[in-house]
């Protein structure tokens, strides 16, 4: 590092070395005292890059000299500091100096006496004497031995083998006084602080001892100060130091050997990679792909909705979109990556990979995470019973008897048109009953009733027996895997035949217990109150066998039975709670709608704060109108409810958009034919969502090849001005079921000539619409034979045409009649009579056995002997058939 050592000398008990480091000069002062503090304030930067380094080591933008001037003070040989008058005595701290370097009010001398100690040339400190600079009760000598160790010229320290190199801390030494694995210099750094000249010198620091007011310069290789504590007492032997040196050399050799091996391995792999053939690279890529496939296998089954894009299907199957597109091309289907394929195509495609497809609904795609349930909190719950059966078989009358009220008084036409929920108490136990409509239009209502119930009570008339809606109710119950109790009603009538009913039901798998089956049959008469108690006992017995339980402490889960708009209260939904407890203030999701419970109204019209499992309740607080049958579930927060609702609405829009047909060459003819259909456009309004759904489905079934019903809009609530405006724009009629128009809507309807039809009974609405459709049908055209005439003469009149002189041999001939010209028993022409005359007079008809002149429109090739048959066209009104 250093070019040469310019000077080595002693100045006042300290060794001074001047070393040239390339273009810089460093003055190194070594003290015998090791009490320099190990803090950053003990070091002063002697080098400043902004100033040129001179022999004077000037710093801090000050003019330098040999005096090592600092802090913008005038320098001199006296090393003046801190605004004090200097001299050779190195005066400090406002004290009068002399050659003796007197400090701290102590009598000085050449001996540099400090701390009230008697001095001498030997620089004796801490009651220790001798030229050897002895310290800490240690025997001194020229070797400057320390820490009870035998000294020598090598200045051995801390269990280290000495030599001229002044080796320390088990490190191989040299003239540089190496310490702490750092490259040293001649500076003899002590006081538990290690400095070195390693690399280029960045800064030079001066160690400042506050107790002696002396300085020493040293150099650092880094911009931060590195402090290393040296153990105070460490035993050392030359043999141990030698072993440590060998161990260090061995480790360095091993490390170098490892580096060489690593370089050789890298070069070898690089050479192997460059020498690989194309076949080897392809093989490795295939192996890599195989490993990736093993890491991401194709699932055994995937869930999709009605349709899915190729990219989404590829993601679900852990495949590349290009692979699926290629497979579809092989199957004869041309698609792009973002094109949708239907569930059938997706099923065929997925089966090619040995997997299967499950078609799910939007609710399966947006499952709300349920809370962890404590099974110990599940308790017995009341049974939910759905009463089902054919219309007029006595379902509602039975429920009236159970509640001791006449429910049919509140239903138009004496039939149930809404799904009702009621709770009764029998033998101190609660039972919840659901009454479903029996009319064929309310199929979906009956289906929902079967899905939310625990037991189905099938009411069958002992007179009528099994009817279409009876069979439908059986199928709904079996599909929902719900047990059935058969109640044979009207046994009080003389024509009742229960055995016939048992035989009919056995054909559908319902075999009575007394016939060896497992279905409970109860004979009742709702009108005479016969067998009601026995029926209730059987219901409770069946529920006990089923071990019905629920957890009232969890968040509520249920189903929307029906929904309506109530003036003054907004949207009111009838909800059956299947599990958990619903409280006022709960946030929830109902289908694609969200909300927060504002109020809970029981079936008796009483406001309650909460409702438990197996109870029906009216809920206020929906943000929009849900669909009947939608799932109902309470969420943790309102934010979660809004998020799920938004996602479900997007999925519903997506499902609706996929139903839009694309016009292709394959379905173009069907589209043209469909455009020729006559449509009856209807805007449908009803009191509850369930009635809207039932009536809409019934009306849309009224379709044939010529006419059809198109419900352009349907919703629950009163008829508003918006409905009238929509009807006027779309040329539709408005049907209100159990609702009336507002006053303003009625005025607007009169102005716009919009027809409003109001109904209270569902089959009245259906029959009226059927009659309207019949009036829209084109009548059938029938040709009725009225007579024929023989051509006896042919008269050609210029500018008029050919006139056939005829004799009416049978029936009569009428003007404008349709004729068939027959010659030799073959029809040669069919046309209309344009002129009929008797002599010169135009007549409307000519009777039998009279002569007349007949001119046929646009026909002149008539000959004598031809027979003219006359037909009258009649239009016959068609009857509507679906």
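Any Cβ shown, glycine's included, is placed from N, Cα and C.
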The annotated region 'Disordered' range in Swiss-Prot, which must be one of 236-274, 275-313: 236-274
What range among 389-396, 397-404, 405-412, 421-428 does Swiss-Prot record as region 'G1'? 389-396
Residues in the region 'G1' (389-396) grouped by DSSP into helix, strand and remaining coil: 2 helix, 1 strand, 5 coil
Using DSSP, would you call residue 491 (GTP binding site) helix, strand or coil? coil
Taking every residue in the region 'G4' (489-492), what is their average pLDDT? 90
